[in-house]
């Protein structure tokens, strides 16, 4: 007889859609353990700017993988999958793991699985890192197009971290990153239910602007100043996120506060648009409007009962 797989709920959607509120609605109905899958909310120095759950929200139920990474470090999809599996498996019997976030690559990697990639030698990592700093993201992307055009369809010329990782794997193994991704992987030990928060981009846009205003009121500028004192390196992974980049430029005197807010809102909207495009391609998502907490909770309850 096939062993019953552990149920795991995934709450996904674009930034600012109301994923945290939905997860807390579930936590008031079921014993829930919330696990982050947002690539920006992992950073210790940016709880306000990356909209991590507040202390009051975290008091409702256990929250995992928020604010644990220094600004100088990064985590790739493989590293996230390992940490997420640890947290899922550590959940107590009867406790429902609920993944919350908007980084589609992380979620896809957890659900679909990743083929095991050999460890990359430190000298290769360091060589690629130096090239990234000296030559810039577009130069790495141009090289990646020659050796792994398939993977280039899923990344962007300015995404230095992902492109550097792909080149590291190719240089270390002699095989494209996409080859490793396409390898057959063992079936997942988890039974996933994907709950999507459905919003229209035009409807979301004014909410994103309001969200930025609230972040500024909550001390986003002061948070960025303190982070810059601790890590005055604009190439550090933690500074590459939206909001962090714009506030860093403001702190350095490159732009005024009005321009900071304008760029922050513009870039957040563009990111939300990319997220919506990603999730539209995902299969088996059950969509609910932001205000439909009760419907989503009821649906999860029925799914668990089945």
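A Cβ is built for glycine as well, from the same backbone N, Cα and C atoms used for every other residue.
Look at Swiss-Prot and you will find 13, 14, 15, 16, 17, 18, 19, 20 tagged as ATP binding site, backed by sequence analysis. Neighbour count (other Cβ atoms within 10 Å of the Cβ, all protein chains): 19 for residue 20 (ATP binding site). DSSP gives residue 20 (ATP binding site) a helix state.
Per Swiss-Prot, the feature substrate binding site maps to 15, 16, 17, 18, 19, 20. The Cβ of residue 18 (ATP binding site) lies under 8 Å from the Cβ of 197, 199, 290, 291, each of which sits 6+ residues away along the same chain.
DSSP states for the region 'Interaction with substrate tRNA' (38-41), grouped as helix (H, G, I), strand (E, B) and coil, give 0 helix, 0 strand, 4 coil. The annotation region 'Interaction with substrate tRNA' is assigned in Swiss-Prot to 38-41 (among others) on the grounds of sequence analysis.
For 103 (among others), the entry in Swiss-Prot reads site 'Interaction with substrate tRNA'. Long-range C-beta contacts of residue 103 (site 'Interaction with substrate tRNA'), restricted to its own chain and to partners at least six residues apart, with a cutoff below 8 Å, comprise 37, 38, 39.
Taken from Swiss-Prot, the feature site 'Interaction with substrate tRNA' applies to 125 (among others), supported by sequence analysis. In the three-state DSSP assignment, the secondary structure recorded for residue 125 (site 'Interaction with substrate tRNA') is helix. Listed in sequence order, the residues of the same chain lying 6 or more apart from residue 125 (site 'Interaction with substrate tRNA') and placing their CB within less than 8 Å of its CB are 168.
As a whole-number mean, the pLDDT of the region 'Interaction with substrate tRNA' (161-165) in this prediction is 87. Taken from Swiss-Prot, the feature region 'Interaction with substrate tRNA' applies to 161-165 (among others), supported by sequence analysis.
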Which residues of the chain, 6 or more past the ends of the region 'Interaction with substrate tRNA' (38-41), have a CB below 8 A from one of its CBs?
50-52, 66-67, 75, 80, 100-103, 106, 241-242, 244
Could you name the residues, excluding 15, 16, 17, 18, 19, 20, of the same chain that surround the substrate site, i.e. Cβ within 8 Å of the Cβ centre of those residues, in sequence order?
13, 14, 21, 51, 102, 197, 290
Could you tell me which of these binding-site residues, 13, 14, 16, has the fewest other Cβ atoms within 10 Å of its Cβ?
16
Environment of 13, 14, 15, 16, 17, 18, 19, 20, the listed ATP site - residues of the same chain whose CB lies within 8 A of the CB centroid:
102, 197, 199, 290
Residue 17 (ATP binding site) has how many other Cβ neighbours within 10 Å of its own Cβ?
25
Around residue 15 (ATP binding site), which residues of its chain at least 6 apart sit with Cβ under 8 Å of its Cβ?
51, 102, 208, 268, 271, 272, 275
